[in-house]
Amino acid sequence: AALALLGGSVAALVVWKWLGKKMIQKKMEEARRTRDQGMKKVAKAVQQFREQVPSIQTDAILSLPLLELTGRLQEGSLSPRTVLYTYLEKALEVTQQTNCLRHFIPECEEQLQEIEGHKEKGLLYGIPVSIKDHIGHKGHLATCGLVQCLGTRMEEDSVLVKVLKRQGAIPFAMTNVPQSLFSYDCSNLIFGQTLNPLNPQKSPGGSSGGEGALIAGGGSILGIGSDMGGSIRLPSSFCGLCGLKPTAERLRWVLGLPFQPCSWRWHVPCALGPMARDVDSLALCMKALLCQEMFQLDPTVPPIPFNQEVYSSSTPLRVGYYDTDGYFPLPPCMRRAVKETRCALQAAGHQLVLFSPPRIPYVMTELFLKTFFADGGRTWLDVFTGNIVDPGLKPQVDSCKMPRLVKKLLALLLKPLQFLLLLKLKDVAMISTCRSVKEMWNHHHQIQVYRSQFISQWKELQLDVVLCPVLGPAFTTGYPGKLLTAISSTMLYNVLNFPAGVVPVSTVTEADEEELKLYKGCCDDPWDRTLKQAVSGAVGLPVAVQCVALPWQEELCLRFMKEVETLSRDR
């Protein structure tokens, strides 16, 4: 009888698990079906508009830089309706090639009518804006690529979306993200893999990869991403865009999700920021967002309006620079980009000073990764409903699932290789955790101490800004999951909470590809060889640099980015 009862219980458990999986599959299929229906509706609306207004010069509109487009809209020589439908049509084309959209926002038609009735025109009047999946828009999902978020619709617009609308912008599309946002690829099992429009074999980066692909493909002129380890800057690097990660508290938003992707923000804060084709677009977006409406809607945002005088200044800068952080050596083309930019800045009259960022292996393992996996990854694991895990995240998820005893045994067995593992730390199982509240407080204190030391070193050299490398060129899809810690170049400025932006300055040449064959990295170990494979076959793809300023100096960071952009275009 006991055996029969046990057998029945096991059978019931198997059936229950099977039914759970079926329910999850049904939810995912429903989400895809809803997206496809939305795409068809937009395609039909675009076709009707084209029939009504057949004489639109689509290419001419799409080629206009943001500043010129805003001018044309403000003066009335272009209508918001024409611009919106032009970008809707292009976004449809780009997402068919790259799978960059999660869905269109049908309410963009209501927002269009709303702004057409306004006498006052905001700074972004009539500009179609795309937003990352998890930035809240009333009536829409904010999925983070997770099954458990498929039933949660936002009850109101996030503060950022409200301000965009008040400035006359038209949010028209939400873009795809990697599952849980914890990846710099762009794939989830609900909406699939997003591809790089410049090369479909390559990743657009992540986690703001949908934004990167849509803007680089010409389907959006301005997008909003988020960044907690490089999630604005890496897609910008991979896709040849300009992107800014501000000081985290300069812009805020409310999620209200069952899963908070930025719940770690106390230690390593998450920042919202703009992505676009040029630096002037980023500056205009920041100027539009840093307005009285933002400060009134969210009193926690410091009321610091955009300082146009700093952005427009032409005073020579004292620039710190480095081409490697001593942790994860980047491909030759990325170091070449820093060297060429340094020479161009020097020739333009700026003062260049060698700068060495301190203790990056310590920052990566003890500060950044320990923040994310302070509880051994248990909070993160909770978001994977029904064990639905994207292949790109599986190595990290499996590592987190390892029992603590197994992790300790592994650490003991691999002690002879401890230095190498700490240097490249592929496996999150090797990351130490915070085992008590006291340890957590101490960890937070260590971040503050490091930040103070870094600022002191910056001040001793009397630097205005820093020029440094960014990870790139674009990885082949699937490789970001194999090289979690290759993001040290961007991650550093999340730990420090400094404003940092990316500017494309060159492209990969045949000579770069030849030099890559000689790349040994740090130790010519499996991780170095994996990086080599990830970036090979990139001739013609963008090569970028990173520009950094001290906290709250976004305008200075943008001014430096503009200088770098101008010099790279003159070369």
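Glycine is no exception: its Cβ is also placed from the backbone N, Cα and C atoms.
Keep in mind that what you see is a predicted model, and the values were worked out from it rather than measured.
Noted in TrEMBL for the protein shown:
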{"type": "DOMAIN", "residues": "83-558", "note": "domain 'Amidase'"}
{"type": "ACT_SITE", "residues": "K132", "note": "active site, charge relay system"}
{"type": "ACT_SITE", "residues": "S207", "note": "active site, charge relay system"}
{"type": "ACT_SITE", "residues": "S231", "note": "active site, acyl-ester intermediate"}
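You'll find the Cα of K132 (active site, charge relay system) roughly 11 Å from the Cα of the residue listed as 'active site, acyl-ester intermediate'.
A distance of 5 Å separates the Cα atom of S207 (active site, charge relay system) from that of the residue listed as 'active site, acyl-ester intermediate'.
Every protein chain shown contributes to the tally, and the Cβ of S207 (active site, charge relay system) ends up with 34 other Cβ atoms within 10 Å. In the predicted model, residues of the domain 'Amidase' (83-558) average a pLDDT of 91.
Of all the Cβ atoms in the protein chains shown, 34 others lie within 10 Å of the Cβ of the residue listed as 'active site, acyl-ester intermediate'.
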